[in-house]
C-alpha cells in the first residue's frame, strides 16, 4: 500500500455496488481516490502535446521545425540570454507533438539547460504580481492557476505571452475528454477518478469565483469560466515540477518541453544551483541522462504511477505490464459490533478505518492486505483475538490463517467484488485485444482500451489468487491447530492427544 497515493477521505464516485462481509461488514470499492493536493505527486513534467516514446530508428528531418509560436518563444529566451549558441538542445517537432532535440552529442550528466529563477512561475511569482494582494490565502495551485489565466487573457500586455502562446489548449488527459470519449472507460477506476477530479476543480472554481474573481473586477476585467480554470489545472497537473529543493509547485518554461521515456529508470534529472552573491538568482539546471532515443532528450516522469495515473496527469500510457494496477478499498464498518477494537488494532499497525491497497499486474499482493482482510472479517468465535490480552500479538496471528470460516469469507468477498467490478466494463479482454491488433486507433481510444484492459487483467489476477486459496482451505493450518501444537497436544499425524488421569 503506497501511503503517498492515498487520502483518508474519498472524494470520487463509486461506479459499482459495494460488497459486504455478512455480520461483520467491510466494503470493497473499485474507486481509487483522486489526489487533490497543491503539491502534486507529479514528480516531473509533460511535453507540450501528447507523446509516446519514439522508436530508436526514428530520425528527425530538417523539415521538423516547431510551430511559429515556439520559434518566437525561442527567440525571446535567446534575447533574454537564457539560450546561447552553446545550448545543446532546441525545441523540435516530432510525430506526437513537441520535444527537446539534441543538436549534438551530449555527454552523460552534461548540463542540458539552465533557466534563471526569474523565469519560473510559482507561488512567489504570483505574490509579486498585480493579483498577489488577493491570492494570499489561496491554495498554491489555485493562486498559480489564476495567474496563468489572467496572463493568458492579457494577451500582448503580458510579459509571459511568448511562453503562454506555446501552451496547448488541452492535452489527452482524461479531464479534457468528451462524454463520448469517457464512455470508452466505463467501469474503470480511471473514470471514477476523472469525474472526481473534475468535480473538485469545479468546486474550487466556484469558491474562487465568489471570493476573488467577482469582488475584484479591476484585476479580472474579462470573463473567467470553468473551462479556463480546468485548462490551468491541467497545465499544472502535467507540467509542474515538484522535486526541486523548497519548490512544491513550479513551472519552468522551455524545460517543460522535455518528453518521457519508459526506458529511463531514474527520476534524478535536475538540481538547483545557489547564486554566489547576495542578490544573485539561482539557476535551474537540467541533466541529460544516459538514455535517449534518436536525438530526443528525455526523462522519466514517474516510476510509480499506474497507467490510469499517467492517463489522468499526462494523457498517455505505457505498454509495460507493471504499469497496470487496480486499487482495492477495504473498510471497517462503523456498524461492526467490534468496530472500536478492530480500529484500534488497525491504527496500531499503521492503518485505519479505511485501507487502500494497490495491486499491480504480475506482482504479489501487498503484504498487509491479507492480515487487514482477516481483521475486518473477524466475528463469532474468532473474535476472541480482539481481546486486550492479544493486543500486542494479534497482528502476528492475523498474518496466518485464523479459521476456515474466516479464510473462506475473505475469499468469497474478494471474488464477489472482482466479479462485480468486471461486470461494469462494456468489453472483454479478448475484445480489447482484437481492437488493439487492428491498429489505426485514435490516441484517446488507445488510452481507453489500454487502461480498461489492464484493469481487467489485474482483477482477473486477484480473483485467481483467491480462487486458488479457496481450493486450499482444507489444507491450511489455522490458529487452533497451531495453538494445540504449541501446547504439545497434537501428535505427529495431526491427531489430538488426550491425556487420561492415572
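Keep in mind that glycine also has a Cβ here, set from the backbone N, Cα and C atoms.
What TrEMBL records for this protein:
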| type | residues | note |
| --- | --- | --- |
| BINDING | 96, 97, 98, 259, 260 | S-adenosyl-L-methionine binding site |
| BINDING | 239, 243, 256, 271, 301, 314 | substrate binding site |
| COMPBIAS | 14-30 | compositional bias 'Low complexity' |
| COMPBIAS | 33-43 | compositional bias 'Basic residues' |
| DOMAIN | 80-315 | domain 'SET' |
| REGION | 1-46 | region 'Disordered' |
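Predicted-model confidence for the domain 'SET' (80-315) is 85, expressed as mean pLDDT. When the alpha carbons of residue 314 (substrate binding site) and residue 260 (S-adenosyl-L-methionine binding site) are compared, the span between them is 10 angstrom. Geometry remark: residue 260 (S-adenosyl-L-methionine binding site) versus residue 301 (substrate binding site), CA distance 6 Å. Note: the Cα of residue 259 (S-adenosyl-L-methionine binding site) and the Cα of residue 301 (substrate binding site) are spaced 8 Å from each other.
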